[in-house]
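What follows is a single structure, written as structure tokens, with notes after it.
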């Protein structure tokens, strides 16, 4: 784009395009979008508030651009000496170049007397030009734009124009006053001030500068008075809104050297100054006062200026506060996006890791998360405050709060995730540590204090959680408080501790139950093994009297109660080291009693299984039948009352069946008060405490009564057991009877007399024959030696064994020979355990008929196993 005979801006060559500055607004009222690039190119953007904006007004072709070029070292286009036409079109801007030259050439001790930094100069299109004619729209818009943005308004007039209305730009100044009043009405909270700097050109000195100053002030007062003021401002003065400065410069062409010197002198006035209250607020130093500054940061000036011009060119009411707020919103949002880039670089890696860990189901405590969050938050807020605090305060605070919310929303998620991970990992580590310590104590075989282990590991877990939480806390963030999380963590630790204690008490109860099972198994087994032993041999106790069979349940109950009482003492003593509550101990003891009864009942059922009980009844019967009261085995003779002893022993043993069929105490003649002994269900018991318990009749509501619980044998089993026992007893009786009958075979005395009479010749023959006699002698000597060595007994036993074996073998072969034939007698076999009895038909006296009847029954029944 070409304007004023040179490029206004070009993208390819910034140095060439910005040699003459930048055209802010062209003659068609279009705003230049590259203004921000120019400010960045000139290094003004990072200046913040350390910049100043000056605008120059004046009639066309009065040397405004020339004045600026000499005064600020700019390169604005100037009018050709041979032509009288418009040169500056629209509004141009350039940075002060004289400042850079002075900084390079001045000595260090003169640095404080140089021009202010970052002075921006706007060259406004001249008024009263023939190109615009009577169109004063751009004149008014440009004046409003300059007044809304500039600190100092330079009015360029010639000396001979002072006192004139149009020539002295009084019409333009009236426009300036009117638009200033318009701006003031929109911004009632403050009174914006500007400096009107009159530079009188071609000053000859004939009329003193003070007189020219008075003339101009009178004209300005008159214009101000003629303005229509809004309500409440009727008595306002021009000094309420403007300050005035005056300077005079000699003729440029006729007094060139003096002009240059005065311009240089004038340039030194463009620096920071202040009001001295001791001198009536008189300005000292430079002309740039802080109250003139529009408080628009340099990095937002381009956006602000564009918004101002858009309002002006569209004939909208210009509202500077609103524009400042809009600018602040725009720039704060922009700055927020910029600073969040660095924030994302610091935070996103942790967010990604935490999300992956949560998705995998293994939350992880990340080291360094807390410092990273703190640094990211502090640096982001600091960077935002550095850049954005220069803008509208309310907007800045609002945007700062929004930025904090954005960051805190993400940081809070990280914070919560970190605490959640610390919570879960802490609970897992606590549980594992307690279990490991308990196992270590069990392996050592020594007693360990479970409560001490839990308290120690709980303290370690709390310290670890607090360390992780403190490392993640962000100071100043209201959400960065882990009090609730810590309370929840402590609550879960207590819950886990209670569960671990409950599990340990369960294990303790299991160990005690095993001990009870072992003790009851031995004690109850001994009672049943000693059941009905009627002899003083192996079945009787080593010391003391034989226990009565009638009191077997009393003894079992006493053993049971004593064993459980000892187990309860063991449980209570061990549970005290768990720091268990009374309720938990009560539940444990209640469960122990129920479990112990189940163990006893199981042991009784085992002992009273049909095979076991039948064996014990047979042993009881045999002890009473085969042994006398002293425990000596009976040798059956035909003269013994076998049938009487058999009947007595059988009936005595049969009395045990009804005795054993019901758990009844002999002392009270009633069943034990099991429901009272077990006790009521503790109030602290949970359904989990009862789910593995076997219902007990008379205690639980399972439909069984206490009598049914104490019934060990049903009526059907009793009858079946009685029948089978009688058959086994009959077999023992038959064996005893056969043994008695076998003892009757004796050799008569007359047989020996007959043998001597009939064998006398043979005896004489032996005595007369030397060989026979010698053989007899040898046999006699051998018999004598055997007698002396006491070997007759062993030899007789060996002979008996050999003969018995020969007889058995003969019987077997004879049986095999007669087996296909129906002729012969068949023996009956009675088995019990590993014993086998073979019986043939025994017919003798009055017992022959009875034995034959039993044999007939046995042939029908077949073989019985016990």
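Heads up, residue numbers simply count up from 1 along the chain you see.
Positions of Cβ are set from backbone N, Cα and C atoms, glycine also.
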Annotated range (Swiss-Prot: region 'Disordered') out of 813-839, 840-866: 840-866
Range annotated as transmembrane segment in Swiss-Prot, from 708-728, 771-791: 771-791
Coiled coil per Swiss-Prot - which of 480-506, 507-533, 534-560: 480-506
Any further residue of that chain within 8 Å (Cβ to the Cβ centroid of 58, 59, 60, 61, 62, 63, 64, 65) of the recorded GTP site: 88, 126, 156
Long-range neighbours of the transmembrane segment (747-767), counting only residues six or more past its ends (CB under 8 A): 773, 776
Most Cβ neighbours inside 10 Å, all chains, among the binding-site residues 59, 60, 61, 62, 65: 65
Residue among the binding-site residues 58, 63 whose Cβ has the most other Cβ atoms within 10 Å: 58
Close approaches to the transmembrane segment (771-791) from elsewhere in its chain (Cβ under 8 angstroms; 6 or more beyond its ends): 765
Within the predicted model, mean pLDDT of the topological domain 'Cytoplasmic' (792-866): 55
Cβ-Cβ neighbours of residue 64 (GTP binding site) (radius 10 Å): 27
